[in-house]
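Q: First the structure, then my questions, so here it is.
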Amino acid sequence: RDLLLSQLCFLASVALLLWSLSSLREQKELDLMDLIGEDRKWMVGRKLMQVNDTLTSEDAGLRSSKNCTEPALHEFPRDIFSNEDRRQGAVVLHVLCAMYMFYALAIVCDDFFVPSLEKICERLHLSEDVAGATFMAAGSSAPELFTSVIGVFITKGDVGVGTIVGSAVFNILCIIGVCGLFAGQVVALSSWCLLRDSIYYTLSVVALIVFIYDEKVSWWESLVLVLMYLIYIIIMKYNACIHQCFERRTKGAGNMVNGLANNAEIDDSSNCDATVVLLKKANFHRKASVIMVDELLSAYPHQLSFSEAGLRIMITSHFPPKTRLSMASRMLINERQRLINSRAYTNGESEVAIKIPIKHTVENGTGPSSAPDRGVNGTRRDDIVAEADNETENENEDENNENDEEEDEDDDEGPYTPFDPPSGKLETVKWAFTWPLSFVLYFTVPNCNKPHWEKWFMVTFASSTLWIAAFSYMMVWMVTIIGYTLGIPDVIMGITFLAAGTSVPDCMASLIVARQGMGDMAVSNSIGSNVFDILIGLGLPWALQTLAVDYGSYIRLNSRGLIYSVGLLLASVFVTVFGVHLNKWQLDKKLGCGCLFLYGVFLCFSIMTEFNVFTFVNLPMCGD
């Protein structure tokens, strides 16, 4: 914590120094412009000044009489290609540059920005729910946030709002559709996570519709959006308590999760044990030699100790796959040791032990064994325990070796290094394609995943934030040029091209998670990130503009068609939840095809609305 505070102070002092230098430079430029203006007044005659004033007023009248929307292209630096050159084919270079910026944003966010946020959460001792609702949401939605900031403070148009709305619909319909279509299995979904995020997300979209209905946003409306996200963080803080209340109301107080109280007789017994299997090769072939562990534990519930309950919790989908695998291995070892330490065994050739202490019976109908020191086929109990201990030690060594190998593989994963080309043709092509990006990031952003750079996570956070801002600026600039060249409004480019480009990495990550059977995580992440996009991605830049930069001002929306797009966004939430409910809370190909079809309908309707097909909502873009 002390290291975190010191690094924060260092970054604050650097930011203050840069701000002071920038203010001093702007003041000098203003003084220089005043001197140049005074010299021109002395040099130019009064008649010429009157002519200039007349021209200025006429030009202002012409500008006010224009029945078109000023393009956002003029807010960026001048392009090296003319509009005619771009129409002749130079726009392809801008498309390639925009796609490269999409890839660069994905690399910076996944390999540098998110790991630094994880380190910050560890130092601040934040719970998993709060960290996921704050820092992790900011990490996955950083491109959309910076695009919105650029849309408010630079382009002063609707590209930021269009990107947020388009990305939100993409996250709900397209990501769920792709996961259902290509997951390769039917994934079960739980109702709690989906309903929790969907309900609050619906409230957020309703608030957005109310605030942008008059095509302007005031300071208090933007502040309400930010405060709604603070309430969402509080809800995530007490998510476990709210979930328990939800479970009690839906399933009743008698049904507990994970089989902790499924059998009252076993809970009341002081000498209780479970039926377990010895994970060795059985001598018979009619039945499977190994029973599934989760089926076995659910079929024969027993009173859990503290360590056993902890292991059961840590094999759920709330933990990383590596942790779940390690805890599942420990559960198998514990069950095996308990079998060997049990007091009765069958005297058959099979090594499956079945014992229910409450009834004091065994499989062949006899009572408990009178010779507790003897095991299966007369083998001494001490010998069995010694053999089990040796096998347990060997399994522990194998598990440690596997964990070491996994850690080595994790260390190898990460961004490409510019001076270490990988093996393989495909990997070499990827390395050559990303070489300029990896070269720049290698010398400017420390990789806090490496042990020797772990203490520099705040520097990683600051430098990666600057690179995300720079890449987002380049991305919006290129997309604005593409839209101006092709005659496409900025809001359509935001809903389609920018939204898909910034959300494709999240789509790929959700697909990987869904293929592992964790569809809950994929769906909840896609909907939960939309809450951050709406409330912080739009609310925070609007609040900064109307409260800090220009107090009391309004955020003007150029396109009246955005209200229809946001209305479709609200409808997509209802349709998705209703479709999941009709599909019996399962994510499969049928649900995936339906979501992708609805996403296509949304794109068609939004594009036709912005082009004034149904009604007049948008002025045409001004030419050169």
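Placed from the backbone N, Cα and C atoms, the Cβ positions cover glycine too.
For reference, Swiss-Prot lists these features for the protein:
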| type | residues | note |
| --- | --- | --- |
| COMPBIAS | 386-414 | compositional bias 'Acidic residues' |
| MOD_RES | S289 | phosphoserine |
| REGION | 386-421 | region 'Disordered' |
| REPEAT | 130-170 | repeat 'Alpha-1' |
| SIGNAL | 1-25 | signal peptide |
| TOPO_DOM | 26-88 | topological domain 'Extracellular' |
| TOPO_DOM | 155-163 | topological domain 'Extracellular' |
| TOPO_DOM | 487-491 | topological domain 'Extracellular' |
| TOPO_DOM | 552-561 | topological domain 'Extracellular' |
| TOPO_DOM | 618-624 | topological domain 'Extracellular' |
| TRANSMEM | 89-109 | transmembrane segment |
| TRANSMEM | 134-154 | transmembrane segment |
| TRANSMEM | 164-184 | transmembrane segment |
| TRANSMEM | 192-212 | transmembrane segment |
| TRANSMEM | 216-236 | transmembrane segment |
| TRANSMEM | 466-486 | transmembrane segment |
| TRANSMEM | 492-512 | transmembrane segment |
| TRANSMEM | 531-551 | transmembrane segment |
| TRANSMEM | 562-582 | transmembrane segment |
| TRANSMEM | 597-617 | transmembrane segment |
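What's the neighbourhood like for each of these?
A: Note on the repeat 'Alpha-1' (130-170): DSSP counts are 36 helix, 0 strand, 5 coil.
Same-chain residues lying 6 or more positions outside the topological domain 'Extracellular' (155-163) and placing a CB less than 8 Å from one of its CB atoms are 72, 75-76, 144, 147-149, 212, 476, 479-480, 489-495, 498-499, 502, 537-538, 541, 557-559, 562, 565.
Long-range Cβ contacts of the topological domain 'Extracellular' (487-491) within its own chain (Cβ-Cβ under 8 Å, at least 6 residues beyond either end) map to 69, 71-72, 155, 157-159, 161-162, 480, 558-559, 561-562, 610, 618, 621.
Long-range contacts of the topological domain 'Extracellular' (552-561) within the same chain: residues 69, 152, 157-158, 161-162, 212, 215-219, 222, 489, 491, 542, 545-546, 606, 609-610, 617-619, each at least 6 residues beyond the stretch ends and with a Cβ under 8 Å from a Cβ of the stretch.
Model confidence over the topological domain 'Extracellular' (618-624) stands at 71, taken as the mean pLDDT rounded to a whole number.
Long-range contacts of the transmembrane segment (134-154) within the same chain: residues 75-76, 105, 109, 113-114, 117-118, 120-121, 126, 160-161, 163-164, 167, 233, 465, 468-469, 471-473, 475-476, 494, 498, 502, 506, 525, 528-529, 531-533, 536-538, 540-542, 544-545, 549, 555, each at least 6 residues beyond the stretch ends and with a Cβ under 8 Å from a Cβ of the stretch.
Tertiary proximity for the transmembrane segment (466-486) is limited to same-chain residues at least six positions away from its ends with a CB under 8 Å from its CB atoms, namely 71-73, 76-77, 79, 83, 86-87, 91, 94-95, 97-98, 101-102, 104-105, 108-109, 112-113, 142-143, 146-147, 149-151, 154-155, 159, 441, 444-445, 492-494, 497-498, 501, 621.
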Q: Quick check on the topological domain 'Extracellular' (552-561): DSSP residue counts for helix, strand, coil, in that order please.
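A: Summed by class, the stretch gives 0 helix, 2 strand, 8 coil.
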Q: Do the transmembrane segment (597-617) and the transmembrane segment (164-184) share at least 3 Cβ pairs closer than 8 Å, excluding pairs fewer than 6 residues apart in sequence?
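A: The transmembrane segment (164-184) and the transmembrane segment (597-617): touching, yes.
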Q: Residue list, the transmembrane segment (216-236) vs rest of chain: Cβ under 8 Å, 6 or more residues beyond ends.
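A: Residues 129-130, 132-134, 196, 200, 203-204, 207-208, 242, 531-532, 534-536, 538-540, 542-543, 545-547, 551-557 contact the transmembrane segment (216-236) from elsewhere in the chain.
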Q: Which of 89-109, 492-512, 531-551, 562-582 has the most Cβ pairs closer than 8 Å to the transmembrane segment (164-184)?
A: 492-512
Q: If I count Cβ-Cβ pairs under 8 A between the transmembrane segment (89-109) and each of 492-512, 531-551, 562-582, which range comes out on top?
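A: When the Cβ pairs under 8 Å are tallied, 492-512 comes out ahead.
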Q: Counting by DSSP secondary structure, give me helix, strand and coil numbers for the topological domain 'Extracellular' (487-491).
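A: The breakdown for the topological domain 'Extracellular' (487-491) reads 2 helix, 0 strand, 3 coil.
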Q: What residues elsewhere in the chain lie close to the transmembrane segment (492-512), defined as a C-beta under 8 angstroms and at least 6 residues from its ends?
A: 98-99, 102, 105-106, 109-110, 140, 143-144, 147, 151, 158-167, 169-171, 174-175, 178-179, 182-183, 475-476, 479-480, 482-483, 522-523, 525-526, 529, 565, 603, 606-607, 610-611
